[in-house]
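Following: one structure in structure tokens, then a few remarks.
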Amino acid sequence: MVATDSSDQVAKFDVSHKIIEDIVYSLSNRIFSYAEHVPLNRYLTQWNNSGRRNGFSNNVELFNLEARSGASAFLLGSYTAAISSPGVYSMMTPSSCLSLLNPLLSNIIPFYGASKPLVVHVAALAYLEQTYCADNVSVLDFSYANNFTVFASQSNVEAAHLALASTLAAKAAPVIHVYEPDAIVTTTDPSLPLLDSNAVVECFNSYQSEADPVSNASKALKHVNDYFNTSYAPAEYYGSQTASKVIVTFGKSETVAARALLAANPDVGVLSIRIFPFVAENIFNVLPTTCKSLVVLSQVRSTAVGTSSIYYSFLLATLLSTKPSALAISEHRYSLVESVTLSSLFDALHETLQLKAATPKAVHVDKSINVWESDVGDSLVLSLVSAYRTDKSRSVAFRPLFDNLTLAGVRFTVAQVSTANAVLTDVVKDVDADITILTTDRLPLHYRVLAKAAEHSICLLQSSIAPDEATKKLPYEFIADALEKGVKLVLIDPKKFAIDASNLPLLVSFIQLVKPGLGVDEALAVLAKQNNLTDTNLKDAVDSLKQSLSFINLDASALKDREPSEKELPSTAKETSFAPNAVKTLDEDITPQSSNWQTVAKQIIFPEAYKKKDALRPDVSEKVFTVHVRANKRLTPAEYNRNIFHIEFDLGDSGLTYDIGEALGVYGVNNKTHVHDFIEEYGLDANELIHVPSIQHPGHWETRTVFQALCQNIDIFGKPTKKFHEQLLEFETDEKERADLQILISPAGAPDFKRRAEVDMLTYADVLKEFKHAKLTAAQIAQIVPVIKRREYSISSSQKKHNDSVHLLVVVVGWKDGMGRDRYGQCSHYLSNLKVGEPLCVAVKTSVMKLPTSPLKPIVMAGLGTGLAPFRAFLQFKEWQRMQGIESGDILLYLGSRTQREEYLYGEDWEAYHSANLLTHIGQAFSRDQPYKIYIQDVMRSTKDMLKKALMDEGGSFYLCGPTWPLPEITSVLEEVIQSSYDEPVDARKIIEQWKEERRFVIEVY
């Protein structure tokens, strides 16, 4: 939805939600985002990662958290902590999560202070019946139950001012700022203007709050009006001053739909509530004196349609207590899953209010375009609206909608272009399309794509259907809608176009429609730069375009002897997601294919035609970095049977950054000698090319040599699965081998299968060589052998101390298999053999291993073997804090290994930190250094008083990293520590569960 272009003449598209996030970031010291499945923090995360400071020149702490029961405990704990720094606390969440946050968030009132305003920015959004819908009822119910004041934005352009006003009001009491979800996905050009950060801060600093939250909310709104020359009010009236009937609305959808009725109904007005709870005086001040009746629109839950809403009941009580008999007040309830539109509102109220039908007015809209396409790859919309980008007198807004449940992912976009010298800040609803664009003829089989087409509009359909077959093969509903509305149908066959897999003929046709009189070559020139076309490409495109286009003449005979579909088709896509479908179910099985060097040569010579992309690891979704080995040192003696080593990587100019507690994902490489041996034994060509469909870059293919694929991608030396044996059976041509394979995958062969896997430890390579008559090509091997999985290792350094390197602590996993062969863990062995200066691919993985917010809180660390790695990073960070003059609480370290002589990992570091009084206590458990075994839990049990002081008396945090086996015993010790703090028996397990919720009990075991 956001696109940029290096050209000075090309505008930038931005999501409307940016203006909300900008206010939040400018005013907040701490931001808690509970929006993992909804894009409410896109810009917040970008700005925070870039080191942007807020408007007060302070660093911003951004916490992206899971939305689950008890999730608000982290915010509550941070807010109520004695050492919590002053400043605005902001939360981002969809309204559907409020019920999960409610139990704990309601406890914040007793601790509330003006120095720490709390404002909750809520996208009124719920997911019901497999679609997203506007959800204001959750916000209003939450507000009423917890005494939170609510500010409602009624358009995208208002959102910045209302976000600011709600933050001002939060100086007196916690506040919710609610906005409807169009802001999340509506993209505009030019960008909605961001408020000046200095002005925002000045406005905030100059505001003096009142004690009463309701009157304070009105005052905050007036303060914003005075500062920015706006005219927002707690309740706003639209319509005639002589209206006798008024519709009361809350939120954007209700207000927009109700206001659309006014043109045809002068006796009707609209009263939009902006602040809840409300004051009767604010309502009566704006209502016409002629008003005799109010109809309150009330959104309710589907299970409560028969019951008045809390919102309506509160409004009724407020108004009647002031003027008991002045008005007739009624309620129109509608459920969460019902969308409020002009037509639905007219149907519901036309008898009650004696309404006349109203025609939606496309205010400031010159062209409305509906685009239906697969959600694979980039959207066509940016290319389509490029025709307007150089026209400074017009603006563009578009709103994509993703239906992940149809055709493995459909993107439906409404794009609108403004009239001259007008600015669109949102997509205007209920406007029929002047142009409908379909990228495949499969879409009309699932939707009535022309249901929202305007009379005598145009439909561009990309399809390889023969023109004379179009009326027979296209669905009944599509033809019927086209005939009813007089839609002109143009078929565009991409196969007849000069450039393969190109949407250019469709785009050129569109450009000519919106720029009448423009020639084909001129239309192509508009798109040439955007599509990297050369002069040769342009000439070929012009010559072939006429062959690609067919104008279809439709008449009533096209429906003769045809019947409508048994299933009623929807007229729009269901919004089931805010992003393309990440999991594709393809109708045809696209598999790896053998390729040749001639094809690759064409891709290199003509990159613009093939849309060639170069990527470090195109097969993975994570951001990948290239680092180089700086040091690789074995920590255990050479004669010792365990190789544990410390390895350092030089970050160079890779741009890799990491936090303490995070892990480094390493993309291991198979042993090249073993790969060469397998290629030779199996009879493959190392230089043959394999063409693989890209998962991460849909619509693209990845090309590698066989040698590259077997080294970097295919887990050829991994443990073969039963599914692999079943797939291998399909290629088997020898009867005996086929029979052996069938027995092996049957229940009777289970013991033998287990022996081969766990004793003989056969690999995919072993099995392929064993069943030599099931001869596979390299492409077929790539199809049935899984990819090498990334291995992750806890980072043992802090970037505060080592700004240009990252360190790992790794043990080489080694054993002998049933055939006496030396075997090793693929990635640990790869790392151990790396030489200084060698490159490798890595990615950073976030972790739960985070230090307490307060540096004064004690921490207790328990690590076994290589599980000590993150605690070295912790101490390096604490060392850096001390250098900044930041004091630390007590730090206790418990470590477990086999022997002190061979496995005192990072021992010199621990001793140095202990001598420097940074590390308070070292508890050492070397299990094999004495006749009897001593384990880490034994050492912890011997220092229970120390643990009680750190964890119970001072509220410290406990961390465990290492193998899973000691977890029950260590937990038992902690339960004893908890019980020792009470005179009567307590449920220690429940307290540990509470610690987990508060992130004071963190484990990372493997």
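Using the three backbone atoms N, Cα and C, a Cβ is placed for every residue, glycine included.
What Swiss-Prot says about this protein:
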- 658-669, 788-798: FAD binding site (BINDING)
- 622-852: domain 'FAD-binding FR-type' (DOMAIN)
In chain order, residues whose C-beta lies under 8 angstroms from the C-beta of Ile788 (FAD binding site), counting only those at least six residues away in the same chain, are Tyr667, Gly668, Asn670, Gln712, Asn713, Ile714, Asp715, Gly718, Gln826
Fewest other C-beta atoms within 10 angstroms, as judged across Ser794, Ser797, which are the binding-site residues: Ser797
Simplified to three states, DSSP reports Arg791 (FAD binding site) as strand
May I ask which residues of the same chain, at least 6 positions away in sequence, place their Cβ under 8 angstroms from the Cβ of Leu664 (FAD binding site)? Tyr658, Glu792, Tyr793, Ile795, Val806, Leu808, Val842, Ala843, Val844, Lys845
Relative to the Cβ of Arg791 (FAD binding site), which residues of the same chain, six or more apart in sequence, are found under 8 Å away? Gly665, Val666, Gly668, Gln826, Cys827, Ser828
